[in-house]
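Here's what Swiss-Prot has on this protein:
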- GLY2: N-myristoyl glycine (LIPID)
- CYS3: S-palmitoyl cysteine (LIPID)
- 48-58: compositional bias 'Polar residues' (COMPBIAS)
- 94-155: domain 'SH3' (DOMAIN)
- 280-533: domain 'Protein kinase' (DOMAIN)
- LEU286, GLY287, GLN288, GLY289, CYS290, PHE291, GLY292, GLU293, VAL294, LYS308: ATP binding site (BINDING)
- ASP399: active site, proton acceptor (ACT_SITE)
- TYR429: phosphotyrosine (MOD_RES)
- TYR540: phosphotyrosine (MOD_RES)
Amino acid sequence: MGCVKSKEDKGPTQKYRPDPTNPTPGSHMGLYGPDPTQMGQSPALKGPTNNYNSRSSGLTPFGGSSSVITPFGGASSSFSTVAVNNPFPGVVTGGVTFFVALYDYEARTSDDLSFSKGDRFQIINNTEGDWWEARSINTGQKGYIPSNYVAPADSIQAEEWYFGKMGRKDAERLLLLPGNQRGTFLVRESETTKGAYSLSIRDWDEMKGDNVKHYKIRKLDSGGYYITTRAQFDTLQKLVKHYTEHADGLCYRLTTVCPTVKPQTQGLAKDAWEIPRESLRLELKLGQGCFGEVWMGTWNGTTKVAIKTLKPGTMSPEAFLQEAQIMKKLRHDKLVPLYAVVSEEPIYIVTEYMGKGSLLDFLKEGEGKYLKLPQLVDMAAQIADGMAFIERMNYIHRDLRAANILVGDNLVCKIADFGLARLIEDNEYTARQGAKFPIKWTAPEAALYGRFTIKSDVWSFGILLTELVTKGRVPYPGMVNREVLEQVERGYRMPCPQGCPESLHEMMRLCWKKEPDERPTFEYIQSFLEDYFTATEPQYQPGDNL
């Protein structure tokens, strides 16, 4: 946020045309929040087939879903993108249906219940948000449990191999992690067919090496399931059991369920939003910027968190608290979740702790120095995924750059500090010309006239792409801010960085179109990047002997 000090080839093949049926979002100059011109607009943008502003275009027919919510499965994958009371709508939880724990959980407060994977619960109250009051069948104790850690007993959500609402690309990321063998698999909701599922399997062959095959599991009118018409099953469970015993037309027999990663809880605990400063312990300083510091710390003596401390006067506590209420509802697996706040100055912002730090430091000084283009493009695709969600929610980031992306294990990237830049009251920042303002990342219409929209975020994303491929080099090397502003206004754009494919540079240049509404959507950018190395392959494999 603000000024942070930092310790093959597939291209767009058709001429980019703006879509007259898809107007750009209105300016968000004065307000970070829903765009009143877009309220009621369908999230599925429609447009001509060769339009970069729509991912439903024919240009990327094999694109993964931009609506992935949680990459690591479990019941959390049933959550919507904003706060909900019951992730299992229609399930009676008042003692009629029992729930089973999908993961271990260690109580964080005296009101919580500790439990182990496989424990069973009777739900007493599930109407108060993300933490449910429950009674453990195993111990008889009552307390609160995170609702995304449980699923109805004997349901498909309770199966270890079921990963819920997960996109194709995230399934591939998980299955291709080191340690997984050929035949490792998962089942997820189909992105393209309502009521259907997809089976994703890790495979290997001499030509492609390790890869993932996807099979559509179709539903019969009678209620059964099949991949190939000659092998039909009453339940998904029976289908999975069959293919663990025989490949029977698949690329390989199902051998091992894909290991999952325990999801983040939605918030620290029940009613732990505005928290006392004393409940936080600052332990290790991770970084320092113009407006504050970032620490690794512990909440309530139990939970590791990241804590951003803001210098007094950086922003109004009232405005921040109002903004934070919006930010905590923006839930997506590629956004750093906001856990809690200390709302009196000095303001503290409590978020998930990401072990590898900022993307900028990771590229310059960490393991990122050794990454090759496929990994860098995949990280860019993850960031585009998070920004596509912000785009669908009609919000804007305002300060998108590598310093504001955080990295976790297995090259997971999450977007941080979305929306906070609007609240900064520092004169050197608000003037947009001072040393604290990130001119080199900012679209000209935003830097000169304060016209911040999702399309100015697209411009910033193009700059972020240069940071990725150059391993953290400052944009416009050798140029000062004023010079950058003048040159960009005259039409100057950064040349193709060394080692960067021309097709990727072409995407950067699309992001830097002078007219904001000629820049692509994040939905399109995500699709382009996810399929950068695989655009010639079909999304789903046919089973043999269909």
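Just so it is clear, glycine is given a Cβ too, placed from its N, Cα and C backbone atoms.
Feature annotations (Swiss-Prot) mapped to structure.
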residue: LEU286; record: ATP binding site; Cβ neighbours (10 Å): 19
residue: GLN288; record: ATP binding site; Cβ neighbours (10 Å): 14
residue: GLY292; record: ATP binding site; Cβ neighbours (10 Å): 22
residue: VAL294; record: ATP binding site; Cβ neighbours (10 Å): 23
residue: ASP399; record: active site, proton acceptor; Cβ neighbours (10 Å): 26
C-alpha spacing of VAL294 (ATP binding site) relative to ASP399 (active site, proton acceptor), in angstrom: 17
Summary of DSSP states over the domain 'SH3' (94-155), given as helix, strand and coil counts: 3 helix, 27 strand, 32 coil
